[in-house]
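First the structure, in the form of structure tokens, and then the observations on it.
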Amino acid sequence: MNWRTIISVVLLVSLTVAKALPRTSQDVEGKTSIGQRFSQLHENNFKAIALIMFAQYVPGGTFGRAAGMAEQVTALARSCAAAARDSPDCLKPLNRIFFDTICQEKNLPRIADCCAKEDPERNDCFISLKNFSQGFIPPLERPDAKAACRNYSQHQQLLTGYFTYEVSRKHPFLPAPTILSVALRYEEMMKRCCGGSEGSSQHLEECFRTQAPKVVKPVREDAMRQEHTCGILKKFGERTLKALKLTQISQKFPKADFVTVHKLVMDVADMHKDCCRGDTLDCMRDREGILHYICSNQHILSSKIQQCCEQPLLQRSECIIHVENDDKPADLSPHVREFIEDKGVCERFAQEKDTHLARFLYEYSRRHPEFSAQMLLRIGKGYEDLLQECCRPGAPSGCRSRGEEELRKHIYETESVMRTSCDIYNEKGDYYFQNELLMSFTKKMPQLTSAELIGFTKEMTTVGSKCCQLGQDKLLPCAEENLDLVLGEICRRHLADPINPGVCRCCSSSYAFRRPCIGKLEVDESYVPLALTPGLFAFHEDLCTTEEEKLQHRKQEMLITLLKYKPQISPEQLGSITAAFSAMREQCCGEANPEACFLKEGPELIKRSEKMLSA
């Protein structure tokens, strides 16, 4: 099989103009035919997206089979765009064409049951085969960098196509434009590292070491955000997702009126429903429709997005997501007292509860870009609770007036938590700040493995390094929204393998209050501490390593074990044991035979520590 024909510069996609974006509302809102789609995307882009779809829908297949099906569908699309647009095959819905192509293949894994069904049940069946990946392993030929570059020079298009296939297969819910973007970054990395004259192995290794994170990290982040959004939709429902998007869009476009923001909220929620369901084509179509609407209505949305709308389609969505919030209207009053003081508030709340609450959230969010979306949701919930209490018959006069005081209290508490955390981070630095988090989260969630605890707290520490240097106007959105991603990971871990009742309560009761709830968790009383066995605390000469990162990791593992053994340990006791351990390490690592020293001194340290802990 001629791979160069099949892949044909799969990822050298420019999408240099917005021709890939439908130009009319009819194109966006209607079901576009395969010939129209081919003309909009152009051949290389169409073929790349076809490869992505087949990789995502048949993750147990092979690259060769997926590439062959992509070529087959592209050939049909080419003929439909050229002359045969009235052919029955050209008029089929796109999903049906893709699934018909899969079902014509022999011996593909796990598809026979789906192919026996009729649409739309067949479509649902294929979507049900998708599962979120448990992690991304980049298909790079490391550590042999020279072999990777030799392979790239001989099979450039094949290698890039295979990368696209692997990312798609391992992330079946990741949108096609995101995968195309990361494949472009992969192509740029290979050109940068392998494109020059033959360098030394050390030079190539260093190039891959520095460039690979630029390829891998965005995939991990995008996949995490996708899982996070889908997790919110699945666990807390469409109403919570819409409220979250309402706060974010209102902050992004504070000049837009409520009707415009509401339309975007509904469109974005519908897009996430399709994307989270795994409907690749509808997900893409929804995304394009939203981008088309935003870029066609810049004058009523934002003065900050013109540059984004001039970018190629692949970069446009990411640009708009990360562009700074537009400036607030000059005549926007600082307060929303009409939602408290107006005489008709209770009547509107009774007649159109969700619309009234949405208007409050819209008005409050557009005035406060310095607040996190999660905090704004908590404020919205507080307002709803206030009206439910104060609008009931017999409620005391002036009941609603206490709302402002409660609001100020909540804002102060949230800002205090973030400021305190950043003060600790700025004082202690990455390693000791992470240790503080380890002590807290090991007591809250001792059922997690050491690797999980170190991994989650490492991500939280990264949030500190990213956000604690920002000004007060950006601290809360950065800190709480990034922390929310980590807590979402923990809650998905809990969903897959329950941790404990406290985590269950926090992960299930309220999305907006998830962070404060987990913050207030203390020692898990249901946990049975580890028994003191001979191998529980083992001290060896690996503690004498001069590699600081390895030593820190080893010490963190021992800290976790100690906390799982004695969850109620006091800070003073922990300080004493830590000092005794450091003294033992310094003594043994200074001796000619460190291992013999650790074998002698280690048990003595355990005895002394146990005696102190039992006192």
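A Cβ is built for glycine as well, from the same backbone N, Cα and C atoms used for every other residue.
Here CYS391 is paired by TrEMBL through a disulfide bond, and of CYS346, CYS399, CYS422 its partner is CYS346. Between CYS283 and the candidates CYS275, CYS276, TrEMBL records a disulfide bond only with CYS275. Disulfide annotation in TrEMBL: CYS230 is bonded to CYS276, selected among CYS193, CYS194, CYS207, CYS276. Noted from TrEMBL: CYS319 is disulfide-bonded to CYS308, selected from CYS295, CYS308. Disulfide annotation in TrEMBL: CYS597 is bonded to CYS588, selected among CYS544, CYS588. Taking all protein chains in view, 16 other C-beta atoms sit within 10 angstroms of the C-beta of CYS115 (disulfide bond).
Looking at CYS103 (disulfide bond) and CYS346 (disulfide bond), their Cα atoms lie 58 Å from each other.
The closest partner of CYS115 (disulfide bond) among the disulfide-bonded residues, by CA position, is CYS276; the full candidate set was CYS149, CYS276, CYS308, CYS309, CYS597. Note on the disulfide-bonded residues CYS399, CYS544: the fewest other CB atoms within 10 A surround the CB of CYS399. Long-range Cβ neighbours of CYS346 (disulfide bond) (same chain, at least 6 residues apart, Cβ-Cβ under 8 Å): LEU387, CYS390, CYS391.
Cα of CYS517 (disulfide bond) to Cα of CYS309 (disulfide bond): a distance of 40 Å. All protein chains considered, the CB of CYS390 (disulfide bond) has 20 other CB atoms within 10 Å. Cα separation, CYS588 (disulfide bond) to CYS544 (disulfide bond), rounded: 8 Å.
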